[in-house]
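J.: The structure is given below, and queries will be raised subsequently.
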Amino acid sequence: MGILDIVPTGVITGDNVLKLFTYAREHGFAIPAINVTSSSTAIAALEAAREARSPIILQTSNGGAHFFAGKESSNEGQKASIAGSIAAAHYIRSIAPFFGVPVVMHSDHCAKKLLPWMDGMFEADEAYFKIHGEPLFSSHMLDLSEEPKKENIAQVKEYCKRAVPMKIWIEMEIGITGGEEDGVDNSHVSHTELYTQPEDIWDVYRELSSVTPYFSIAAAFGNVHGVYKPGNVKLQPALLGQHQAYVKEQLKTTNDKPVFFVFHGGSGSSVNEFRTGIKCGVVKVNIDTDTQFAYVEGVRDYVLKYKDYLMTPVGNPEGADKPNKKKFDPRVWIHEGEKTMTKRVLTALEDFYTVNTL
């Protein structure tokens, strides 16, 4: 049995998201969550999923959503980020079935100061639900980790109450992920603050599970967003196993992995770190920085190779009257970026044991 025996292709929601994550947890793999900022980056990720016969998660950050709506657009009141996220969701919904893979449409890190963005997406979900019987987005991520724990959990719980009638999946963060990500800057925190305690996980699980089964937890185990040299970050994904054991004991259950965990700050981490996390119940891994660099690699190499064909519309080493349109056509050099990004997503799918799970 594979994933397509239990969920459909295209954007999935509600119980199908729960089925997908449960299947991943039971079969020992995780699904890459790729940040997309355009139709081009979305296609690059979808191409990888199709080639690997794997599910995929596509997510828009606040800044990525703003870019989707036009970088020069005013984002007063988060209106551009709201519009960009909605546009991305509609686009991905329309194109995803063509690729023949299940897709989770997700919104990434929403800090407290960005909650108007979240509210705008929820309004779009509710409007879409009235017509189609399902939300526009599959899931949303609330990052209130900068707030006191009690406030963090209470506010996430309120959003869960709003989400549960539509069966929207909610991802939350407890503990601090270092570095900087759209709207959340934790680059100043000490390493000792980057580790969540088992009691924290239980507090979250106890409160949210009283409202909804559709939630996952991004626990901190030394994670850092962005670019860093190997060895500079002390990741301890095995801590997630201790968290699972603690929650199992509190629940008095036979399920060794009752919690759906998320691995943040995945760019630059080792394959062993990923796979240790997966063994401990990680079902989603965020990848952004690595795919950004992979995209620019293809464009960079193309520009360097054909630089003499990109200076003027006409005239190149082959002759002063030779046209260059076939070289500067955006469809050509943008596709070079897509190809190298697709290759990087394929690597993630292999690292996370996601290949051929359909």
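From the backbone N, Cα and C atoms, a Cβ is placed for every residue, glycine too.
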J.: Looking at T177, T192, T342, which is the one Swiss-Prot tags with phosphothreonine?
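T.: T342, according to Swiss-Prot.
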J.: If you check Swiss-Prot, which of T254, T340 turns up marked as phosphothreonine?
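T.: Of T254, T340, Swiss-Prot lists T340 as: phosphothreonine.
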J.: Test of record reading: of T13, T60, T276, T289, which one does Swiss-Prot tag as phosphothreonine?
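T.: Record annotation (Swiss-Prot, phosphothreonine): T289.
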J.: Fewest other CB within 10 angstroms, which one of the recorded positions D108, D143, E173, D288?
T.: D288
J.: Which ones, of the recorded positions S61, D108, E173, H264, T340, T342, have a Cα no more than 10 Å from the Cα of N286 (dihydroxyacetone phosphate binding site)?
T.: D108, H264
J.: Starting from the Cα of D143 (Zn(2+) 2 binding site), work out which of the recorded positions (D108, H109, G265, T312) are within 10 Å.
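T.: The recorded positions close to D143 (Zn(2+) 2 binding site) (Cα within 10 Å), listed in sequence order, are D108, H109.
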J.: Do me a favour and check the Cα-Cα span between D288 (dihydroxyacetone phosphate binding site) and H109 (Zn(2+) 1 binding site); whole Å is fine.
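T.: Given the Cα positions, D288 (dihydroxyacetone phosphate binding site) is 12 Å from H109 (Zn(2+) 1 binding site).
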J.: Rank the recorded positions S267, N286, T312, T340 by the number of other Cβ atoms within 10 Å of each Cβ and report the first-ranked residue.
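T.: For the recorded positions S267, N286, T312, T340, the Cβ with the most other Cβ atoms within 10 Å is N286.
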